[in-house]
Each structure stands twice: as C-alpha cells, then as structure tokens.
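I have placed the structure first, in the form of structure tokens, so that the comments after it can refer back to it.
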Amino acid sequence: MDSDEDLARAIALSLDEAQQKKPEVIIIDSDDEQDPDGEDAVFQAQLQKAIEESKNIASSASTSTVVSQAPSGSSSGSGVTSFLSQRAQLERERLERQRKLQGNVNTKSQKPEDVDTDDEDERPAKRRHLATSSFAGTQEASSSKQTKPQDQNFWKGELRQTATRLAEPRADGQPTFRLTQVLGQKSELAFAIVSSYALDLPWFYEFFDRSVPVILVAQPDANGYASIKNVLPHWIKTTPPLRSGFGCMHMKFMLLFYKTGRLRIVISTANLIAYDWRDMENSVWLQDVPARQTPIRHDPKADDFPATLQHMLHSINVAPALKAMINDNHPNLPIKLIDELRQRWDWSQVRVHLVASIAGKHEGWPSVVKVGHPRLMMVVRKMGMRTTRGSKAKILTLECQGSSLGNYTTQWLNEFHWSARGESAEDWLKDSKKKREKLPYPPIKVVFPTKKTVQESGSRRGGGTIFCRRKQWSAKNFPRESFHDSKSKAGPVLMHSKMIIAMLEDNAYMSKKSGIATDSEDETDDEIEEVPPGVGWTYVGSHNFTPSAWGTASGTGFTPILNISNYEVGIVFPVKDEAEAQKIACFQRPPRRYAVGKDEPWIQEESIYHQTQ
C-alpha cells in the first residue's frame, strides 16, 4: 500500500472483521480509594492488560514504541502495512478461538442478555467486568434505527443525558445526546483531543475519518509513567503521570476542531466504550465556541474557563503530544500550542465554570485553589453562592450522585461541605484534626442505587460499573443514614452519571446544625455576596463523590497541602430555582432515603454476575 487511502481501507477491513462477532467490552469505572489491602496495585496491573487485550491494537504485532515525555516518531508505510496484516491474522485466530469456546452457548436459544460469555480466567479480584456485547455492530445507545448525525450548533451550551436502549423514549420526555450527535459529521472534523478512562479503541475509531488526527488521553500503565505512543495512523495516545501507578486518569472530555474554525468543548461522564453509550445512562455537556477574528494576547493571570482548560491540558501531558503530532506529518493543525485556545477562540458565551482535579501533591495556596474541592470553593465564590458564617449563614444541602463510593469520614465530608459552601480551607485547617474528627455529619445526601434498584433495572450487568464494597458499608462510622436511592428519571436504566445538586436555604441556626462555630466578624467580610443569583448550583462531570477524586486537605492555614489521587474534570453552574433543579437532575428528586434494616447499596462483589471464580 502506497497511500493513506489504501492504509485506511486496510484498517477498516481489519476492524470490520472484528465487528462481525460480538466484541469484548471492558466495563470499567472506579475511583480507586486508598486500599490498605493492596488490591489497587493488582487492579492497575490487570486493568492495563485487559485494555490491551480488548483493543487488540497494542499487540505484539504493533511497531509503536512507548517513550517518556517524547514522541515516538511516525511509522513508515511498510511498518503500518505489516501491522495491519498481522493484526488481521491475530484477529482471525482470536475469533476462531472464541467460536470454539462459545460453541455450546451459541447452540442455545437464549436472549443475548441471558448468555454469560465472560472470560472467567481474565476476571480480576475487583473493579473490572468483561461482558459480551448483546448488540454487536451497534454504534449507538439504542436498539432503534440509526439516525444520521445532526449538524446542530450549541452556541449557548447544552446539558443532556445520553440515550439508552433500556429507556427509549425517556419517561420524562427530555431530549438526549448520542455519540454521533456529539461528534457531528465525520467529514467536518479537522482534529480532536479526547480523553477516557476505559477505552474500546477499535469501536471508537470507527466514528472518525481515517485522515483525522486525534490525540487520546488515557490511563497510564501500572508503573504510572507519563508516555506518548503512536497507536494508529494519525492517532497518538498520551498518558499523564500517576504516583507509583496509584489512582486513575478518570477524565472524560473532548475538544473537537472543525474545518469551519468552530471548536466544540465536551464534558462527559461516559467512557469511550459502546456499553456506556448504549446501556448505561450518562451526562454530556457541550458548547460550540467560535473562532476570534483577531487573536488576543496571552494573559498568564487569567482564571476563566479557557485558562483553567489550558492548565488542565498542560497537566495531563497534552503539550508534548501536540508537538509530536505536528512533527509527525501534521504541520497544519488548528492549534500549534495549548495556550492558543484562549487567544484564538471566543469564550465569552461560556457561562459554566470548569473544575479539574490533577493527581499529585499540591502545596501552597496558588496551587491548591486551582484543583479539587478548593477549586470548587473558588467557583462557588465567583457565582456569589458563598453561604457565609454567623447570623446570616445559609444552609447548604448537597445531593451527591455517582457510580463509586469513597471511604467516608465525618472529617472529609465536612471538609468537602466546607468548600462547597464557598468557605476557605484556611479557616478549616485552623482547628485541630482531633476537633474536626468529632464534628457531626453535614447535610449531605449520598445518592447511590440500592440492590433492589439494580436488580429491577433492565440490565443487572450494569452493576458492573457501580462500586460499593461490603467493608465500606459495614464500617463502624460509615454514614449509612445519609444514603438515598438513585433512580433515573428516564426509566429502568442504571446511571453512570456523576452529579451534585446543591441547594441553599435560609436558616438562622446554621451553626447549630452544621457543628461549625460562628464568628461575628465574618458577617462584615467584604467578599460576601448578600444576594445570591439563584437557589443553588449543580456539578456535572467525571468526579465521583470521593476523596480520591476531590482531594484531601492537610497542612496549615498558612501552608495548605492537597493530595489528589485522580485526574478528573467537570463543570459547575448556578441553578435559578427549584423547577430548574428538578429539570437538570438526572435522578428522581427528592431522592428516597434508604429504609433502615431493609435497603442496602448495590455491592458488585456479592452479585452472581460479577463473582470472581
């Protein structure tokens, strides 16, 4: 083959052959908490192995090379051709083995959902489930006819849930997003930067024209080293560092550059696997951003949406990947440097705030307030939603919905609630750790599905991406009384969304309810907004409600330290009234409190569908 067109055709034929049979889909999502038993180290090693096996891309036939903080260089035409032919042969051999292993199962007249074709030998101890897709070849989250992608622009921004085959049409009648709608017309894309924790690369690759360059941000290997790797013609995978390989690159976002000059920013809760876009309900916010007629100067002090986005991209190893892409026969990319995002596109209509978590140890106020829950604190203040302290204090009630639970303590829940109120960790850290540990639980509702809710959903295997461990739930001081059932407004479908609904209300006795002392001098704080712009705010993004995602504060008020395990990203925006909160929420509100002695959370490890053999 002597042209890109021939190479593209060869790749397509190779991928199409794999799609003729039911592909293995990795259903993964976790928020790896600190694990004294050492399970997470095992998980990280097994995770990478599973991803590589599922993709069938970085096999022994691949000529790509992993390097640290440097491009691997372009592959020669003969090297790529060899890769394609070997990949096709390996795929044929794999499919033949799969046919033999599944011969007995395929002779039965069972529905796809009832056939358990899991590879028992490859199941790890936790946080991973291999399932055979029951809708092979289906690229959309629906069993109905495929619809062509719509050329629709969203200049004001749009938040929707994803369509699922188990709740179509939605019970609440709300519009949805499909992946084809999010990406738009293949022929119009010029360049993309995308990020996902779990990944089915052959499946996702089919949504792009073969000539479109793509930078893919993904989970690093078990060693946690930053790396850059050519994984397909015109595709580069980059990974950020993780300390000792611990934690997750959990971000889900897309930057889609179109040939017209338009940029689409997408913040999602969905991994780039078919299962997340077909069976599980997820949340997607996107907005189209026009190009500026005249670029503006770089502002190193800027703290707005594009400045936060640029800081995030630098932190996750995108800059060297962009340089590698340009040097690798793509000199005409829409951007040459990350900092051009703010300079060359007009972000004036973007009204949401970006909140990112960057894995690592952050020390000192300039660094701490850029990430994790201290960043949320800054955003709450920007929106004029600070609750204040003293006699004018408001009560802030949080409804925190997600797919993975943390190791909750009264100290961390109050620490997060403190930031969610817009109060600085400087004051929080003034009190001793012993005193903070004795505070009562703040007004937080943990919204997580009960065992019954999962069992009554359309697909029990959906519980494979929902995580609570028995040892968490049974812990002596675990806040079981704070738990509320998570039920989708769409119907009997499980949710992989991560959302926080924060509601403010007047109460003169805020200090008594929260356990936080008042300070009369705070009532005259110049930073306090007397009239908030609404009744609360909403968060949507990849953050589960866990210390790993949002960070844990320590140190002193003068020299704070924030430790974060994961890379996460989401958006925050004000809610004007109760009706808007009801419309925005992906779960039924008010969420029903767990019945004492009757309800328990879904615990994956105790399900027959997810047992380790």
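Note: Cβ is positioned from N, Cα and C throughout, glycine not excepted.
What TrEMBL says about a protein is an automatic prediction, not a curated fact.
Note that the structure is predicted; figures quoted are calculated from it, not measured.
Lifted from TrEMBL, the feature list:
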| type | residues | note |
| --- | --- | --- |
| REGION | 20-40 | region 'Disordered' |
| COMPBIAS | 29-40 | compositional bias 'Acidic residues' |
| REGION | 53-155 | region 'Disordered' |
| COMPBIAS | 58-88 | compositional bias 'Low complexity' |
| COMPBIAS | 89-99 | compositional bias 'Basic and acidic residues' |
| COMPBIAS | 131-153 | compositional bias 'Polar residues' |
| ACT_SITE | His250 | active site, nucleophile |
| BINDING | Lys252, Lys498 | substrate binding site |
| ACT_SITE | His496 | active site, proton donor/acceptor |
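Cα of His250 (active site, nucleophile) to Cα of Lys498 (substrate binding site): a span of 12 Å. Recorded residues Lys252 (substrate binding site) and His496 (active site, proton donor/acceptor) have their alpha carbons 12 Å apart, per Cα-Cα distance.
Within 10 Å of the C-beta of the residue listed as 'active site, proton donor/acceptor' there are 27 other C-beta atoms, taking all protein chains into account. The residue listed as 'active site, nucleophile': 30 other CB atoms within 10 A of its CB, across all protein chains.
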